[in-house]
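Notes for the one structure printed next.
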Amino acid sequence: MSASVHAADSTAGSGPAPATGPAPGATARRRGGLALRPGTWLTWAVLAFFFVNLLGVIGTVLVDSLGSRWFASWLPSGWTGHWYSDAWKEFSLGQVLGTTVEVTFLVVLLSLVLAVPASYALARRDFPGKKLLTTLFVLPILVPPIAYGIPMATVLYKFHLAGSLTGVVLANLVPSIPFVIFTMTPFIEQVDPKIEAAARMCGASTWTVLTRILAPLLLPGILAAGILVLVRTFGMFELTFLTAGPTSQTLIVALFSAVNSAGIRSTQSIDAMAVLYTGTMAVLLLVALRFVNPTQLVTRSSD
Amino acid sequence: MSGPATSGATIPAGSEPKAALRHRLAERGVDRTLLLVLPAALAVIALFCYPFLYGLQLSFQPAKGGALGAYRQFFSEPFSRKSIWATFSLALPASLINVGVSVPISYRMRREFRGKRLLLALLVVPITLGTVLTAEGILEFYGPAGWFNRTLHLLGLADSPMHLTMNYTGVLLSLIISGFPFAYLLTHSYLSGIHPSLEKAASTLGAGWWQRFRYITFPLLLPGLLTTFSLCFVLAFAVFPSAMMVGDPNGSTHVISIEAYQAALERFDYAQGSADAMIMTALMLVVLVAVAVLRSRLYRGSTGGKG
């Protein structure tokens, strides 16, 4: 516990104090300055404790994957990179990564093609039964993936699709389609329908309106939705786990199987795989953050 | 294909009733644009509703015990019945802690300050780590020889290593690590939707910070908090990989999703597995409906939102 207080000390000392911000209320309440009140201290301490633990969780995995032997000491006795090549061979990561990329891109493409037109209609029209339709699209987000994944796996087995790439893609479409719809609808609502009407008045055909007016305006939204689905599908464990076979595993499922069936496998090469997973995820995340602001996103998807 | 149907005026007089019907429908928002909903709706029906209903009817056809055999089996077997308790005893504390801690922190940090965007970006990291990696990290970081126990030992806070993994605590930790950022981001965005002038008005009337929070901010925030709680609960209720990896899957963290998984894909009893999945969905919907009813009794007007 006191390690966290120490960390909080450095964060609060060097970091910005809430009272120095340019916000409207700040000047009126600048009685504390840098001499923070206990509540502020506690807030920073809790956050710092959280981040120290998070860093520890990620750091342990990273250090372990690079260390040669690590038993009862703070750090491994030596450093090596051979766990990565081991993991690459042992878990045939080349094939797993290929499958992951294939699944993710197919899911992104299909969910965009299916869901963007639907979100256009939902954003533009108010019709009887709209509430029912919205409920239909909310349900796959609310029901836990395991709860519908099990009946879905049974159905896929019935149609001999379970274990194949098609099955995995179909399963991952279920949460992705509603996700695209709920991300895209606010984007489309922002586009003034008068622009479309004006284009039509100037004699544009439906196709021209679509390609010259709507597509350029909606492209940022489509990109954002696509990247978010990419991140989600990459990290989607439950559905892929329930429907994948030995040849259609994605990286995260391969990781779970490696941990859970670990007998003679070294933890280091599992950790090397975990680091590869985190690294890819971090890159995807950085790309995603260039396009979307997290708080905005949460406001959008929750309302 | 996507244009709004601009018919009616050009249609010959002979087909007037039909045109009138189309016109009336278009006035209520039903026209050809609506066809755009079809692909997505059909996909969700085929891939979500059909399997779900298939599972529902399958759960009434167990190998033995009549129509309700699988459900009776679930509730008569103490091991599977206790999985309900295991699930709730993980999901409720986890979501209460996540939401409860988010409120004071986001209240403190509601104003703009330098590095806020970085803080928010950092908080997205655990969401994307995924449960599997979080579990793997927890196993090593909080394990008997991990850095956490070493630090405690170094500081003289614990003589023997604390048992934080392979039990209830490990799963709770993983739920907090992956759930807290989510709860915080949601609470934060709800809080930033409450206009600061409301609090300032209270301040001019002489309200202290506790009164401002208790009587102004909190009531306006409460509906959002209940939504946040529901979403956190959904996440925690479906805990699966971490309950298998850092928990004690055959004991205290034998949650209902593990029970359903084992029935369907380890014992290949699809009827039982579907029944377990249905029980799981029903329990979760009960909680969500209860929260929604509670939420509908609260103030739902404007929060003077700025964004």
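In case you wondered, yes, glycine gets a Cβ from its N, Cα and C as well.
The domain 'ABC transmembrane type-1' annotation in TrEMBL covers B:84-291.
The transmembrane segment annotation in TrEMBL covers B:34-53 (among others).
Summarising the annotation, TrEMBL assigns transmembrane segment to B:84-107 (among others).
If you look up TrEMBL, you'll see B:119-145 (among others) marked as transmembrane segment.
According to TrEMBL, the feature transmembrane segment maps to B:165-186 (among others).
Positions annotated as transmembrane segment by TrEMBL: B:220-240 (among others). Among residues of the same chain six or more beyond the transmembrane segment (B:220-240), those with a C-beta under 8 A of the stretch's C-beta atoms are 87, 90-92, 94-96, 98-99, 102-103, 131, 171, 174-175, 178-179, 182-183, 186-187, 190-191, 193-194, 198, 255, 257-258, 261, 280, 283-284, 287-288, 291-292, 294-295, 298-300, 303.
Taken from TrEMBL, the feature transmembrane segment applies to B:277-294 (among others). A Cβ distance under 8 Å defines the sequence-distant neighbours of the transmembrane segment (B:277-294), meaning residues of its chain 6+ beyond its ends; these are 55-56, 59, 71, 74, 84, 87, 226, 229-230, 233-234, 237, 256-257, 260, 264.
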How about long-range neighbours of the transmembrane segment (B:84-107): same chain, 6 or more residues beyond its ends, C-beta under 8 Å? 168, 171-172, 175-176, 179-180, 182-184, 186-188, 191, 213, 217, 221, 225, 228-229, 232-233, 235-237, 239, 243, 252-257, 279-280, 283
Short question: which residues 6 or more past the ends of the transmembrane segment (B:165-186) have a Cβ under 8 Å from it? 89-91, 93-95, 97-99, 101-102, 105-106, 120, 123-127, 129, 131, 134-135, 138-139, 142-143, 224, 227-228, 231-232, 235-236, 239, 242-243, 246-248, 252-253
